[in-house]
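Undergrad: According to Swiss-Prot:
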| type | residues | note |
| --- | --- | --- |
| TRANSMEM | 32-49 | transmembrane segment |
| BINDING | His121 | chlorophyll a ChlzD1 binding site |
| TRANSMEM | 121-136 | transmembrane segment |
| BINDING | Tyr129 | pheophytin a binding site |
| TRANSMEM | 145-159 | transmembrane segment |
| SITE | Tyr164 | site 'Tyrosine radical intermediate' |
| BINDING | Asp173, Glu192, His335, Glu336, Asp345, Ala347 | [CaMn4O5] cluster binding site |
| SITE | His193 | site 'Stabilizes free radical intermediate' |
| TRANSMEM | 200-221 | transmembrane segment |
| BINDING | His201 | chlorophyll a PD1 binding site |
| BINDING | His218, His275 | Fe cation binding site |
| BINDING | His218, Ser267, Phe268 | quinone binding site |
| TRANSMEM | 277-291 | transmembrane segment |
Amino acid sequence: MKNTFNTSVFANAYSFWGYVIGFILSTSNRLYIGWFGILMFPLLVLATVAFISAFIFAPPVDIDGIREPVAGALLYGNNIISGAVIPSSNAIGVHFYPVWEALGFDEWLYNGGTYQFVVLHFILGAGAYMGREWEFAFRLGMRPWIFVAFSAPLVAASAVFVVYPIGQGSFSDGMPLGISGTFNFMLVFQAEHNILMHPFHILGVAAVFGGSLFSAMHGSLVTSSLLAETAGDLSLNVGYNFGQEDETYSISAAHGYFGRLIFQYASFNNSRSLHFFLAAWPVIGIWFTALGVSTMAFNLNGLNFNQSIIDSSGHLINSWADIVNRADLGMEVMHERNAHNFPLDLA
């Protein structure tokens, strides 16, 4: 018998999905989507909407699990500085706490379910953004270093929002989503782990401040050695055309200036190695900081330079480490003051 089955429906469906896939993967769009973008856009939109809503409207959260809720929303008297999305309750611990795990929406808000919602959607969305960076570079035939550089802030955020709460046993120990909450997290982290004395944190400080210094030095050197292509009464910027093949500044002039200002080998004579250094310095340092936070999440503080100095007779030689330790004890006994029966956490 002759097969009269109509294949036009499948042909139309195939052409439709071919168009959709072509649109998703097109590098000609004003905003590249990509396979990772399908995941990234809804996740980041959900995280952003939930964060803004919670920052403005969320009711107080029982962060310590002792029935003393803490208000973080603007409608409860906070301002931009003091406002925050309060971390999930200590009564929840590290349990996954979607809204259907609570008896009702009010209970979910009271236990800080919004924090987990925002943090997990944000981390997954930021990870998808990093994957999208790699995917777009791959489509254009570029090298993959852009997504490698973005991995630094991603692992740093993952360390304070995910790894540290898991290591400490509760999302209530995660960093609050607000300005003053961030400072509170830093003070408590210092009190409990003495991170200022950790070499990995020191590397991170060198990365951030050093990266700022190197960026300012590079930008000022380039701006000071631009090749003049215009008359004296016109801005140097007019002499630059987007996509031009000619160099826009004299690296030899910048190299000669800086080499004589400091010393010869402090200056790069290769533009490629220079820009790789500018990218690698802060990225590697922030990797180390994230690693330090992640190890301290599990109370592995053995690398700290916080030991007191004892002479051969057993007498204490006062040092900066002792001053910092005393300050840490003061901060430790003051935070979560109603939740503790002892000066130190029994962690």
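Glycine is no exception: its Cβ is also placed from the backbone N, Cα and C atoms.
Describe the structural context of these features.
TA: The Cβ of His121 (chlorophyll a ChlzD1 binding site) has 20 other Cβ atoms within 10 Å, all protein chains considered.
Secondary structure at Tyr129 (pheophytin a binding site), as computed by DSSP, is helix. Counting every protein chain shown, the number of other Cβ atoms lying within 10 Å of the Cβ of Tyr129 (pheophytin a binding site) is 19.
In the three-state DSSP reading, Tyr164 (site 'Tyrosine radical intermediate') counts as helix.
In this view, Asp173 ([CaMn4O5] cluster binding site) is surrounded by 24 other Cβ atoms within 10 Å of its Cβ, with every protein chain counted. Reduced to three states, the DSSP call for Asp173 ([CaMn4O5] cluster binding site) is helix.
Around His193 (site 'Stabilizes free radical intermediate'), the same-chain residues at least 6 positions away in sequence with a Cβ under 8 Å from its Cβ are Met296, Asn299, Asn301, Asn304.
In this structure, His201 (chlorophyll a PD1 binding site) is part of a helix by DSSP. Just so you know, the Cβ of His201 (chlorophyll a PD1 binding site) picks up 23 other Cβ atoms within 10 Å once every protein chain is counted.
Within the same chain, no residue at least six positions away from His275 (Fe cation binding site) has a Cβ under 8 Å of its Cβ.
A sphere of 10 angstroms centred on the C-beta of Phe268 (quinone binding site) encloses 19 other C-beta atoms. Phe268 (quinone binding site) falls outside any helix or strand according to DSSP and counts as coil.
For the transmembrane segment (277-291), the residues of the chain that approach it from at least six positions outside its boundaries are 145, 148-149, 151-153, 155-156, 158-159, 200-201, 203-208, 210-211, 214-215, 218, 268, judged by C-beta separation under 8 angstroms.
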Undergrad: Minimum Cβ neighbour count within 10 Å among the binding-site residues His218, His335: which residue?
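TA: Each of the binding-site residues His218, His335 was scored; lowest Cβ tally within 10 Å is His335.
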Undergrad: Do you know offhand how many angstrom separate Tyr164 (site 'Tyrosine radical intermediate') and Asp173 ([CaMn4O5] cluster binding site) by C-alpha?
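TA: On Cα coordinates alone, these residues lie 7 Å apart.
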Undergrad: By Cβ distance under 8 Å, which residues at least 6 away from the ends of the transmembrane segment (121-136) in the same chain are close to it?
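TA: Non-local partners: 27, 32, 34-37, 39-40, 43-44, 46-47, 50-51, 144, 146-147, 150-151, 154, 157-158, 161-162.
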Undergrad: Just give me the nearest neighbour of His335 ([CaMn4O5] cluster binding site) among the binding-site residues His121, His201, His218, Ser267, Cα to Cα.
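TA: Closest recorded candidate to His335 ([CaMn4O5] cluster binding site) by Cα: His201.
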Undergrad: Excluding the flanking five residues on each side, which residues at least 6 beyond the ends of the transmembrane segment (145-159) place their CB within less than 8 Å of a CB in that stretch?
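TA: Tertiary neighbours of the transmembrane segment (145-159) are 122-123, 126-127, 129-131, 133-134, 137, 276, 279, 282-283, 286-287, 289-291, 293-294, 297.
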